[in-house]
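*Asks:* Handing you this structure, nothing more for now.
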Amino acid sequence: MASPTTYTLPPLPYAYDALEPAISAQIMTLHHTKHHQTYINNLNAALVSQATATSKNDIVAQLHLQNAINFSAGGHINHTLFWENLTPASSPSAQPSSAPKLVAAISARWGSLEKFQEKFNAVLLGLKGSGWGWLVQDTESSALEIITSKDQDIVPAGKKPLLGIDMWEHAYYLQYLNDKGSYAKGIWQVVNWKKVEERFLSGVDGVFGSLAGLRSSI
Amino acid sequence: MSTTLFRTSQAARSALRAGASKRAGAMASTSFVRGKATLPDLPYDYGALEPSISGKIMELHHKNHHQTYVNGFNAASEQFAAAEAKQDIQAQIALQPLINFHGGGHVNHTLFWENLAPSKQGGGGEPTGKVKTAIEAAYGDFSSFKTKFNTALAGIQGSGWAWLVKDNETGQVQIRTYANQDPVVGKYTPLLGIDAWEHAYYLQYQNRKAEYFAAIWDVINWKTVEQRLK
C-alpha cells in the first residue's frame, strides 16, 4: 500500500500581530495554529483511511470518505490561499497600485475599485452560514466575477481564484463579534494586491502552487 | 412555541379584541393585521447558564444574533407580501432562501432558549418518562445517546444545528443535523436542538468546540423536551 502524501501547516508569511488592527493577533494565532492545523490533521487522517480502503477495493468506504476529504482539503487549500492574499497594511503590496493590470480590469468590470469593494462586501454579508467570498476569473471567458463558496468548498473548476476572504465566524468573532460588516470593511487594509495581481497573470496551477495536485483531486 | 414566535402589534390586538364578539370569518376579512415576529424574552438571566455558556455569549446571541434573524424575517415577509399582492411569482420564489434562513434562525433560536435551563430551574440531569423510553429504544442508553449526539455535533461541516427529532410517521426519535438555519419541519418534530454555529460558543471555547458540546448537557431542559414529545 502506497502511503499518501502528508500535508503540513505552511508558515505564515508575516507575524501573528502583523495584520492588526484589521485582524487581531489572537484571531490570527488561533486561526492558523488551531483551525488551519485541524483541517490538515483531518485531511492526513482521511487520506490514510482512503489508502486503506483503496487497497482493500472497498469502494463504499472510499465514497464515504470523499466528503471528509473534500471538506478538509478545501479547508487546507482555502486557508493557504487566504494567508497568501493578506499582508500587513504597511507593506507596499497592500497598495492597490501594486496590481495595475488587475485594478484596470476591475474598473472595467465594476466601474471603479470602490464599487467593486462595495459589491464584494455585499456578497460577503449575504452568505448564509459559513463560507468564503472570492474574486475569481473565468478560465474560458477571462471575465472577473465575485462568487461565494459554502463551508470549505473550493472555487469550482473553470474559475481561477484571485482573492479569497474567510467569512466563517472564527475569522472575526473574537474581535468584531456579530459586526461582520466592520470585519469585511477592515480586511481591505490588509489585502495583498501584489499577490492578487500575480494570480491574475498566472495560470490556474500557479495559483494553487504545491497544492495544485490536491486541488485537482477533489 | 407559536405564541412566542409572533406577537401582533398593539393595534392588531385591539382590533382582535374589538372583533372578538363577531364571527371569526367576518373578523378575518375585516380586521386582519399581519403579525410581526418579535424577539421572545429569555426564560432566565443571561448569566444563568454559566459555566456551560457565558453571560456574554448569551447576551450577544439573544440580543444581536437572534434579533437579526427576527428583523431579517420580518423584512423578507414584507417583501413577500408585496410580491404576493402583485402576483409576482418569481419574486416570491426568489425570497424563499431568505425566509428559510431568517425564519429558520428565529424558530431554531426560540426552540433552543426553551430547551435550555439553569440547573436551579431543573436544567441538566437525565431524561425521565417518555423521553427516556424513546431514547433508550433508539440508542440503548442515555450515555450512548449523548456520545452519538456529540459526534453528530462535531461532524457538522460549517454552521448548523443538531436535533433530537421525532419521526412523525414512526413515532421514533433520532438525531439529525441541519445546515445553517434550516428548520426542522415536515416529516420531523423538533424535540431538542443544540446550536453548533461558532457564535454559540466561540467567545468562551474558541476552537475547542468539543468542550462546549460536553458542557451543554448540564443545562438541558428535559421538561421542555418531554412536552414537545407529547
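Positions of Cβ are set from backbone N, Cα and C atoms, glycine also.
All annotation found in TrEMBL is predicted automatically rather than curated by experts.
Source: prediction; values computed, not measured.
Reproduced below are the annotations present in TrEMBL:
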type    : residues                              : note
BINDING : B:HIS61, B:HIS109, B:ASP195, B:HIS199 : Mn(2+) binding site
DOMAIN  : B:38-117                              : domain 'Manganese/iron superoxide dismutase N-terminal'
DOMAIN  : B:127-228                             : domain 'Manganese/iron superoxide dismutase C-terminal'
*Asks:* Under 8 Å Cβ-Cβ from B:HIS61 (Mn(2+) binding site), six or more apart in the same chain: what's there?
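*Replies:* The list for B:HIS61 (Mn(2+) binding site) reads B:HIS109, B:ASP195, B:HIS199, B:ALA200, given in order along the sequence.
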*Asks:* Go through the binding-site residues B:HIS61, B:ASP195, B:HIS199 one by one and keep only those whose Cβ is less than 8 Å from a Cβ of chain A; report them in sequence order, or 'none'.
*Replies:* B:HIS199
*Asks:* For B:HIS109, B:HIS199, listed as binding-site residues, tell me which one has the smallest number of other Cβ atoms within 10 Å.
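*Replies:* Output over binding-site residues B:HIS109, B:HIS199: least Cβ neighbours within 10 Å is B:HIS199.
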*Asks:* Can you tell me the mean pLDDT for the domain 'Manganese/iron superoxide dismutase N-terminal' (B:38-117)?
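*Replies:* Across the domain 'Manganese/iron superoxide dismutase N-terminal' (B:38-117), the average pLDDT comes out at 98.
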*Asks:* At a 10 Å cut-off from the C-beta of B:ASP195 (Mn(2+) binding site), count the other C-beta atoms across all protein chains.
*Replies:* 25
*Asks:* Using the centroid of the Cβ atoms of B:HIS61, B:HIS109, B:ASP195, B:HIS199 as reference, list every other same-chain residue with Cβ within 8 Å of it (recorded Mn(2+) site), in sequence order.
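*Replies:* Surrounding the site, in chain order, are B:HIS62, B:HIS65, B:HIS66, B:PHE112, B:TRP197, B:ALA200.
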